[in-house]
Amino acid sequence: MKIYEKAPAKINLLLDVLRKREDGFHEVEMIMTMVDLADRLELEELPRDTIIISSQAGYIPLDEKNLAFQAARLIKERYDVRKGVYIHLDKKIPVAAGLAGGSSDAAAALRGLNRLWQLNIPEDELCRLGAELGSDVPFCVTGGTAIATGRGEKLERISNPPQCWVVLAKPPINVSTADVYGKLRANELREHPSTADMVSAIERGSFSDICTGLGNVLENVTLDLYPEVLQLKESMQKLGADGVLMSGSGPTVFGLVSKEAKLPRIYNGLRGFCKEVYVVRMLT
Ligand SMILES: C[C@@](CO)(OP(=O)(O)O)[C@H](O)COP(=O)(O)OP(=O)(O)OC[C@H]1O[C@@H](n2ccc(N)nc2=O)[C@H](O)[C@@H]1O
Ligand SMILES: Nc1ncnc2c1ncn2[C@@H]1O[C@H](COP(=O)(O)OP(=O)(O)O)[C@@H](O)[C@H]1O
């Protein structure tokens, strides 16, 4: 039997860091939502007790470093599953981009294997397993829109933002999340974006207040390392996006746009100097 799972990309509408923890991770407060740019996983049971990963993308690991492999190994160990699985990853989400492509693949593998092997694992347990694989995996298990706290694994579901267009532009650099958190001086942050204001804007369905409330304290770290990300941000603003922010640790910059008529100018303007530009919808 073959089954399919979609693994959408996330964006952080807000990302605040409260402090660095003893365990090396950072205590965060984030508002995350999904966009309609997704990898697609094909899962097929194998008679042999093995995990095989393939992908059309030449630039991701296919061995135990792959997060979908780690998800399959974790579920097999915890639930004593002595069957094998072949997982094909049709990658559409750019890698190391701040869009949680790997985390979403891991989450989709957990959901898919739960179905394929009829394990009936409840969603909160899938989230706990996901947290063992990465801080963003629990959110990718549930999807929707959520406030994420702790190191990102504690989730509170909120309503979805009003529907809009999302323009994603990724400059040709790979950013290491660990590196960006490592360079952040969490105790010296003077400005914090307001989670309460953003939650209120989302719940009121106010697109303009969502645009003004966007904020990410990791942005300055990545902008200092890679000035081309700032150039991208400024271009997207000049081209008419209503709200612009870097997602996660970057380098992808997203622009929220309410009017479809604005899209050709923004897309064509960005494509003039950035090869990877996507126009998608919020997943609501
Ligand atoms: C920044 C964010 C925002 O959504 O996303 P990305 O830019 O990676 O997409 C996340 O916090 C990333 O989550 P994820 O990519 O799952 O991180 P993990 O694999 O758990 O951790 C990678 C490294 O980032 C650092 N890290 C991560 C999360 C956190 N709350 N504090 C940290 O300091 C740690 O150094 C850790 O070793
Ligand atoms: N299934 C996967 N898809 C993409 N990257 C993966 C996957 N499994 C492991 N990785 C590794 O994880 C790292 C971060 O990938 P990704 O999740 O795309 O980053 P980000 O969280 O910044 O969006 C990459 O260096 C990549 O080699």
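Just so you know, glycine gets a Cβ as well, placed from its N, Cα and C.
Taken verbatim from TrEMBL:
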| type | residues | note |
| --- | --- | --- |
| ACT_SITE | K10 | active site |
| DOMAIN | 66-144 | domain 'GHMP kinase N-terminal' |
| BINDING | P94, V95, A96, A97, G98, L99, A100, G101, G102, S103, S104 | ATP binding site |
| ACT_SITE | D136 | active site |
| DOMAIN | 198-274 | domain 'GHMP kinase C-terminal' |
To the nearest whole angstrom, state the Cα distance for the pair K10 (active site) and G98 (ATP binding site).
8
Residue with minimal Cβ packing [other Cβ atoms within 10 Å] among the binding-site residues A96, A100:
A96
Cβ under 6 Å from ligand 1: which of the recorded positions A96, A100, G102, D136 qualify?
A100, D136
Please report the Cα separation of A96 (ATP binding site) and D136 (active site) in Å, rounded to an integer.
13
Sorry to bug you, but what's the C-alpha spacing from D136 (active site) to A100 (ATP binding site), rounded to the closest Å?
7
Report the recorded positions (K10, P94, G98, A100, S104) that meet this criterion: Cβ distance to the nearest atom of ligand 2 under 6 Å. Use sequence order and write none if nothing qualifies.
G98, A100
If H, G and I count as helix, E and B as strand, and all else as coil, what does DSSP give for G102 (ATP binding site)?
helix
According to DSSP, how is the domain 'GHMP kinase C-terminal' (198-274) divided among helix, strand and coil residues?
45 helix, 11 strand, 21 coil
Nonlocal residues around G102 (ATP binding site), in sequence order (Cβ under 8 Å, 6 or more apart):
I60, N66, L67, V95, G134
